[in-house]
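Annotated features, as they stand in TrEMBL:
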type: TRANSMEM; residues: 20-37; note: transmembrane segment
type: DOMAIN; residues: 161-396; note: domain 'Sulfotransferase'
type: ACT_SITE; residues: K170; note: active site, for sulfotransferase activity
type: DISULFID; residues: C359-C371; note: disulfide bond
Amino acid sequence: MAFSSVFSDPLSRCIFKKFVAMLCCLLISLYFLYFLTDSSTMPIPVKATGEDIGYLASDFKQWQSVRRKRLLQKIMSQPEQGMAGRNYYFNSGFTRTNNINGFPADGKDEGDQHYFSSAPRMPSFTNFDALAQRPILPGGTGSNSGNGKISLLGEGTKKLPQALIIGVKKGGTRALLEFIRVHPDIRAVGAEPHFFDRNYDNGLDWYRDLMPKTLEGQITMEKTPSYFVTREAPARISAMSRDTKLIVVVRDPVTRAISDYTQTLSKKPDIPTFESLTFRNRTTGLIDTSWSAIQIGIYAKHLENWLQYFPMSQILFVSGERLISDPAGELGRVQDFLGLKRIITDKHFYFNQTKGFPCLKKAEGSSKPHCLGKTKGRTHPNINPVVVQRLRDFYRPFNMKFYQMTGHLFGWDD
């Protein structure tokens with residue numbers, strides 16, 4: 001009765017209703033404020049002093065660590081074909097215009113073969129906890145062991161290459177590069193830098209700037225086939241890093257010489273015939289070893305120069321012939337040599353009957369099949385069989401020595 005009598009007065013009831021309404025509004029406001037604070041607010045940062053200048057307050061670091069880890073895990077969870085072009089990739093290091101060093105960003109090798117541009121990819125064994133703990137600096141970048149900067153989105157750093165495809169010209173180096181770049185832990189520059197033969201005076205900083213950005217656990221690579229026959233290249237690469245891994249794609253030297261000539265002929269149709277360039281004296285049958293197409297195929301001679309600076313354990317020889325007949329097998333050896341998980345397998349290739357060599361079912365940064373361009377697999381001119389046999393006789397002793405040095409029988413003299 002007492003409770004009813006208190007609220008029987010209209011003024012009291014009005015005041016009570018307003019009180020209840022205000023209380024409900026306050027509770028709802030607190031509810032929304034709680035969730036907004038949990039998802040979007042940050043502790044006030046404390047500016048650090050010394051070398052690690054940035055926002056390093058412990059609460060702020062912890063918040064950034066969780067946010068970054070969640071984002072990295074989200075990126076990794078995306079399907080491969082759905083990842084290209086997403087806005088969390090930002091700058092991949094490649095564009096379709098000339099870069100500041102004068103290299104075409106969609107690069108061409110000596111056969112004018114375009115390479116695929118792509119965004120950085122997470123390595124298969126990315127340590128999310130390690131990445132998440134890296135400090136964030138103003139502007140959204142962070143330190144990476146003093147070698148560069150890493151953004152909140154993990155775009156990585158530019159490093160000097162840990163592995164090089166050093167040869168040989170017309171041996172299958174472009175195919176190998178395109179194939180190995182399918183691996184998520186490989187990042188390779190497409191254009192041939194020619195640093196250790198033509199551009200060495202530009203310095204290592206210039207060379208590093210050509211490289212794509214890599215994440216922790218990824219390997220930086222480049223290929224320049226002329227390194228193998230450049231006398232100064234072994235010493236220069238050793239000076240950069242004695243731990244550099246070297247890959248050489250070799251091919252039957254006779255077939256390689258004809259392929260080399262075919263490429264030159266496509267650019268200079270008025271050059272002399274293959275036969276006239278092959279012989280210093282046609283009557284005596286003396287081979288002209290000063291012609292580069294012949295000289296490159298003397299593999300044993302060039303290898304001796306490399307072994308003065310690198311042990312055989314740091315050099316992998318890939319068969320250009322098996323790269324065509326069994327690409328997955330040769331790529332398996334390459335992945336093992338580089339210490340990578342065998343991700344590239346038979347399922348990545350199909351054989352193109354028209355071109356006569358394997359193509360990728362899905363190229364790097366693309367969900368579409370890809371074969372090397374028109375400049376690859378050119379039809380060779382008909383060469384006099386007598387000339388071909390003379391060349392085989394010439395190369396035989398060099399091939400035998402090369403087999404002994406490498407411990408591999410490539411079968412070019414069968």
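Yeah, the Cβs are placed from backbone N, Cα and C, and that goes for glycine too.
When pLDDT is averaged over the domain 'Sulfotransferase' (161-396), the result is 93. Across the structure, K170 (active site, for sulfotransferase activity) and C359 (disulfide bond) place their CA atoms 17 angstrom apart.
Every protein chain shown contributes to the tally, and the Cβ of C359 (disulfide bond) ends up with 20 other Cβ atoms within 10 Å.
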